[in-house]
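Beneath this line is the structure, given in structure tokens, with notes to follow.
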């Protein structure tokens, strides 16, 4: 089933020049970028995005971190996109993530963990409008007929 997922490359990914390498990994798995922005997340966006964590002790630090520098926000599309990206991302705690996953290869711990990915269709429905208008999602097809 084709579905969409929101992916954020967090400030540590941007500052460490990992954008291209991470997007390549996602595309190499057959996921298609249908929206992409390089942006500075506002405090309001961060608080809305992480609203499920509002009552947790780390909420304030999470908002401070995610707004500490630019991010890359993107919508990816493909078969089982949510599951595929979650597997590629690896464990939330980078120190426990398996080698070969994005966090396993690039993250040092749980706080600066490189990437966010929607964990369910419901999460995507909440998260996507924080970063994109529906009109910013681009429907397109691969040009395989031109290449092959």
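A Cβ is built for glycine as well, from the same backbone N, Cα and C atoms used for every other residue.
Quantities reported herein were computed from a predicted structural model and do not represent experimental measurements.
Look at Swiss-Prot and you will find 116 tagged as active site, pros-phosphohistidine intermediate. The ATP binding site annotation in Swiss-Prot covers 10, 58, 86, 92, 103, 113 and is backed by sequence analysis.
Take the binding-site residues 92, 113: by the count of other Cβ atoms within 10 Å of each Cβ, the lowest one is 92. If you take the C-beta of residue 10 (ATP binding site) and look for same-chain residues 6 or more apart in sequence within under 8 angstroms, you find 65, 66, 71, 112, 113, 114, 115, 116. Taking a C-beta cut-off of under 8 angstroms and a sequence separation of 6 or more, residue 58 (ATP binding site) has no same-chain neighbours. Within its own chain, residue 86 (ATP binding site) has 117, 119 as residues 6 or more apart in sequence whose C-beta sits under 8 angstroms from its own.
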